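Asks: Here it is, the structure, as structure tokens.
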Amino acid sequence: MPLPVEGEATAPDERSVDASSSSEKVKIWGARALKVWTLIGAAFLVYAFGLLLKVMELPVGIAIWTGIIFFCLRGFVNGLSNRGMSRFWAVVCGYALFAVVIAAVVVLMSSPFFGIGDQFVSLVQDIPAYANDLGAAYQSFMAEHQDLLANPTVSDIINDATNAAADWANGLVSSSVTAMASIGSAVSGTLFCLGFALVVAFWLLLISPDMVREMHRLVGNKHREGLSFLHFTFTRVVGGYIKGTALQCGIIALGCAIAFAILGIPNAIAFAIITGLLNIIPVIGPWLGGIAAAGAALPYSLPVAAIALVVTITIQQVVYTFISPKIMSESVDVHPMLVIFAMTIGLAAGTQMNGMVGGLTGMLLGIPVAAMSKSMFVYFFEKRTGRSIVSEDGVFFKGTPAGEGSVDPRRDAVSPVRLSTRLKSGMKRAAHKAGESAHHAIEAADEAAHHAVDSVEESVDRLSGRDDSKR
């Protein structure tokens, strides 16, 4: 057998090369197959979750109303219990207070002295009149601005908008009977869930301290800290959101009622309540409330409509800047983009469960769920990495950190932005807008001055030309 010559390279084993190449291909195709089947499995789980929501419509509705009642009365019941009252009688007093509040709302809505119910009835009955008045205002505006119709582009836009509005109105009228039947069915289902929720919430308020102690014994010392955080975060975030949102909407409704009454807007209290309720929807809710009030005043006076819109937005911004940080201090800040994403998911899930009413409920519940999810992510991320991701100038993880050089996951997870930071941010935005306005004003003044100088020069040139011609 000849020996290999020194310096001559030995040929690699072709079988081992083919085997390694086949192994790499198998790994690549295996990874691709895993991704495909993961997507298929996720789609199947989403579909199954939708079917489950449809089946679990009644239990989920009872759970939602139970949570709302529980968090509305939890602070009051705990306060009485901590002052020495027995838990049972504290819960009874909480339910008595709840009944008094509901009775007061019913009296306010139905009493002819306040006329709130009559205003809502008048508002519904006057919708055709509002539409006619808006049409008359539109015709009057177009009669005064005939030059706009001379432009084909503007004329096409106006015609398209008019046709779209007419189609929407016709569709609204044709579907009104079906909508009323759907609303009646939804109201009856809601009352049924509310009746069960009152019973479940009573027992939950009564035994909640014992349930917490039992859960700590169940999980043991190993997971005690995590369970304590979940309980603390859930009660603080969800409870703070429910109470803070209700108080915030009430303040805005009261301010708008006073403003609308001063402006002389018809059905002022009804529009103020609608504006306050629309404030539940973040980002676009405040604008919808202002537009509704402005639309009511538009047929009577264009300046009053503009003032109503400006006053509504001003009231809401004052509440957001100065009052919300105080009353929402038990909640956490969530970026508007995450809020819209969570509301979209909640709308889809709720619609699958119970149509329009379920969609609205799911949309509103998506906000505290997003806050809870953000809080949990911050806690577990900082606990595992030892790094703080909360910052006052953050985007998705905005808040006041525990301190320089220290990481406190529990505090960072539920840390809202300080009022001073909100005020500074608002002042910076206002200063920036004022600077932009001043810059535009200076540019406009400079341009006007240049035009004036050019006009003077042209006039001088013309006069000089006339003098020369005379000579």
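Placed from the backbone N, Cα and C atoms, the Cβ positions cover glycine too.
For 33-52, 58-77, 89-114, 183-206, 250-273, 304-323, 335-353, 359-381, the entry in TrEMBL reads transmembrane segment. The annotation region 'Disordered' is assigned in TrEMBL to 446-471.
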Asks: With Cβ-Cβ distances below 8 Å as the criterion, list the same-chain residues six or more beyond the ends of the transmembrane segment (304-323) that contact it, or say none.
Replies: 248, 251-252, 255-256, 259-260, 263-265, 275, 279, 286-287, 289-291, 293-298, 419, 422-423, 426
Asks: Which residues of the same chain, at least 6 past either end of the transmembrane segment (58-77), have a Cβ under 8 Å from a Cβ in it?
Replies: 87, 90-91, 93-95, 97-98, 189-190, 192-194, 196-198, 200-201, 204-205, 208, 235, 238-239, 242-243, 246, 353-354, 358, 361, 365
Asks: Who are the long-range neighbours of the transmembrane segment (359-381) in its own chain, taking Cβ under 8 Å and residues 6 or more past its ends?
Replies: 64, 229-230, 233-234, 237-238, 241-242, 280-282, 331-332, 334, 338-339, 341-351, 353, 387, 389-390, 396-397, 409-410, 412-414
